[in-house]
Amino acid sequence: IRCFITPDITSKDCPNGHVCYTKTWCDGFCRIRGERVDLGCAATCPTVKTGVDIQCCSTDDCDPFPTRKRP
């Protein structure tokens with residue numbers, strides 16, 4: 001499977017059986033810069049924590065950088 005990986009946001013091969021994920025969350029600069037974004041691959045979908053949104057998928061390049069919502 002190929003997944004986009006941060007910080008370069010380039011598509012790279014991941015080991016067999018892994019899933020792609022997009023993780024977003026707010027930090028102290030969220031109002032100015034928008035949500036923080038982490039793209040990658042993992043053996044299993046990461047555990048969701050309070051204030052963190054995680055989306056997992058299992059097809060090539062299914063985790064593009066999310067578009068930002070405009071105010």
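Using the three backbone atoms N, Cα and C, a Cβ is placed for every residue, glycine included.
Feature annotations, courtesy of Swiss-Prot:
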type	residues	note
DISULFID	CYS3-CYS20	disulfide bond
DISULFID	CYS14-CYS41	disulfide bond
DISULFID	CYS26-CYS30	disulfide bond
DISULFID	CYS45-CYS56	disulfide bond
DISULFID	CYS57-CYS62	disulfide bond
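Long-range Cβ neighbours of CYS26 (disulfide bond) (same chain, at least 6 residues apart, Cβ-Cβ under 8 Å): GLU35, ARG36, GLY51. Counting only the Cα atoms, the space from CYS41 (disulfide bond) to CYS56 (disulfide bond) is about 9 angstrom. Note: the Cα of CYS3 (disulfide bond) and the Cα of CYS62 (disulfide bond) are spaced 7 Å from each other. Remark: CYS62 (disulfide bond) has CYS3, CYS20 as non-local neighbours, by Cβ distance under 8 Å and separation of at least 6 in sequence. Distance noted between the C-alpha atoms of CYS30 (disulfide bond) and CYS45 (disulfide bond) is 24 Å.
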